[in-house]
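Database features (Swiss-Prot):
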MOD_RES   Met1  N-acetylmethionine
MOD_RES   Lys31  N6-succinyllysine
BINDING   Lys31, Tyr54, Gly55, Ser56  (9Z)-octadecenoate 1 binding site
MOD_RES   Lys36  N6-succinyllysine
MOD_RES   Ser39  phosphoserine
BINDING   Ser39, Arg122  (9Z)-octadecenoate 2 binding site
MOD_RES   Lys46  N6-succinyllysine
MOD_RES   Thr51  phosphothreonine
MOD_RES   Lys57  N6-succinyllysine
MOD_RES   Lys84  N6-succinyllysine
MOD_RES   Lys84  N6-acetyllysine
MOD_RES   Lys90  N6-succinyllysine
MOD_RES   Ser100  phosphoserine
MOD_RES   Asn105  deamidated asparagine
Amino acid sequence: MNFSGKYQVQSQENFEPFMKAMGLPEDLIQKGKDIKGVSEIVHEGKKVKLTITYGSKVIHNEFTLGEECELETMTGEKVKAVVKMEGDNKMVTTFKGIKSVTEFNGDTITNTMTLGDIVYKRVSKRI
């Protein structure tokens, strides 16, 4: 399955508590909670380029599925991680105690991130 395309956030749950737990400052949490971010994915074989735009903040990540890479987090921190496929429609990674599962289903992406007992869920639609 190829996931290439542009997707815009439609809804999110537990944004504020999750971002607080990640250490994001309160002013940035308040600015970011209502922004409908856009993710652009270029998926070619095992290579993935991901550009996420939240207002003026842009995060670029490139990785090869199944290989260690450096990812930039929402806080701007760079972390080492391995992004793996589960089945043919889920990308899964773990970094700094956070498990991230990104599920592709037609024109919808559901990203679920878990940190301790806080679960942040973001649903995006293809635009």
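Glycine is treated like the rest: Cβ placed from N, Cα and C.
Positions of Swiss-Prot features highlighted on the structure.
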residue: Met1; record: N-acetylmethionine; DSSP (3 states): coil
residue: Lys31; record: N6-succinyllysine; DSSP (3 states): helix
residue: Lys36; record: N6-succinyllysine; DSSP (3 states): coil
residue: Lys46; record: N6-succinyllysine; DSSP (3 states): coil
residue: Thr51; record: phosphothreonine; DSSP (3 states): strand
residue: Lys57; record: N6-succinyllysine; DSSP (3 states): strand
residue: Lys84; record: N6-succinyllysine; DSSP (3 states): strand
residue: Lys90; record: N6-succinyllysine; DSSP (3 states): strand
residue: Asn105; record: deamidated asparagine; DSSP (3 states): strand
**Study point:** Neighbourhood of Lys90 (N6-succinyllysine), C-beta criterion under 8 angstroms, separation at least six
**Key:** Val101, Thr102, Glu103, Phe104
Revision key, fill the gap. Neighbouring CB atoms within 10 angstroms of the CB of Asn105 (deamidated asparagine), all protein chains considered, total 10
Practice item. Quick one: give me the count of other CB atoms within 10 A of the CB of Met1 (N-acetylmethionine). Key: 10
Check your understanding: Near the (9Z)-octadecenoate 1 site, what residues other than Lys31, Tyr54, Gly55, Ser56 in the same chain have a C-beta no further than 8 Å from the centroid of the listed C-beta atoms?
Key -> Gly32, Ile35, Lys57
Review point. For Lys36 (N6-succinyllysine), what residues in its own chain, 6 or more apart in sequence, show a Cβ-Cβ distance under 8 Å?
Key: Gln8, Val9, Gln10
Review point. About how far apart, in whole Å, are the alpha carbons (Cα) of Ser56 ((9Z)-octadecenoate 1 binding site) and Lys31 (N6-succinyllysine)?
Key: 11
